[in-house]
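S.K.: TrEMBL lists these features:
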BINDING   123, 124, 125, 150, 166, 170, 319, 323, 324  L-histidine binding site
DOMAIN    54-406  domain 'Aminoacyl-transfer RNA synthetases class-II family profile'
């Protein structure tokens, strides 16, 4: 600014005034205060060093666990043939609106700065459907791990946040009925089993069945979605409270509500499907009967997949999102109780399943078609989304932070005397070139105690110890720095002498690489 004024031959008084104002701004910025229009300080305007509500920072130990969890999940996705994609963190607002039912109010709008009205993505499913339609893709097994955003009231201790990761796996394409659906549930079971987060139950229902029950019971078409959202609360509220919401708040006839209650409080397995198929009033509804036959087919496949022991056919499950068209499911943790094949409708079971949902999904055959200009653009899809934040919160509560490793270092190279910096660098490089994570301290003559403390603090399993005598003989010592590493190496833990030429092979053996 000063250069511009001088170039324009501005008066010296004007240049001096601008220079003084710039000095004031600089001084206040260093103090962490703001400057008013008159150049005066706004007292108490120091920068607030906190994250926005519903977001958080993650330290190195937490991130190590998060990477491990996400790595476990994506490893299973790949095993089932999944390929990764990515989409922008924000979409055109018109892409997202009208896809989430009552939850559409939770979409984060962005200010219009480039001639387009945009919004932060609410989930990964709608962007995936837009991606399929935009690229003319008819068949894909995709997975996507990325952040999504909800303008919700956060509950940080329960893993409900405004910014959080979702891990999605979806199968898109024309396939025979229920085969992709059964495979998705197999992925769901394998992921939750591998993460070892506790006993879980996969609650399942079908939108054709639920909507058919509403139609048979006499629910007006325009009230089906709003009554669905009330029924979906049965895992958290009593039937009396849900019925009150339907009758008092949403204007449903009490006789219709009572009739709905005779169905939606039922839970079970294949035998419940058979029982409903014998109900002539229900099977008179074409879509309902079609849904029951699809559920029967699903249970046939789930028996072969080995998932039937974890599945409960739960007629109260509704899932609030508008885009679901077929099978829907939700995985919930249960409190250290065995998972029954056909859970009974009891208050005890309802209490067990209140711990919370850790994954959910379903079939959405019409979502891609909303973005397509022709009938050829309609691509049937089914998918699952894992609530990574809730899973992470559960796992964090199982482990003490002090016992979580903050990094991936497998070996620490230390010297007993005289520093031996160049030798430590050389050995660390040798290990790294052979894909073994290694560190050493950036001191020319580090204290031995400080090196041991670093290993203890960072839970590093092995140390390579060098000294002048060892170097002259072409050997080093390998020491197990934890009881587990010592037990795996079957050593007394005082350190084992190894030739430098054999070091990589011995470290790899001990680390099971």
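The backbone N, Cα and C atoms fix where each Cβ goes, glycine too.
Just so you know, TrEMBL annotations never went through curation; they're auto-generated.
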S.K.: As a test of the contact definition, list every same-chain residue at least 6 positions from residue 319 (L-histidine binding site) whose Cβ is closer than 8 Å to its Cβ.
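M.R.: The list for residue 319 (L-histidine binding site) reads 205, 232, 328, 330, 360, 362, given in order along the sequence.
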S.K.: Once the chains shown are all counted, how many other Cβ atoms turn up within 10 Å of the Cβ of residue 123 (L-histidine binding site)?
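M.R.: Excluding its own Cβ, residue 123 (L-histidine binding site) sees 19 Cβ atoms within 10 Å.
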S.K.: The record names 123, 124, 125, 150, 166, 170, 319, 323, 324 as the residues that bind L-histidine; what is their largest Cα to Cα distance in Å?
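M.R.: Largest Cα to Cα distance for the L-histidine-binding set is 21 Å.
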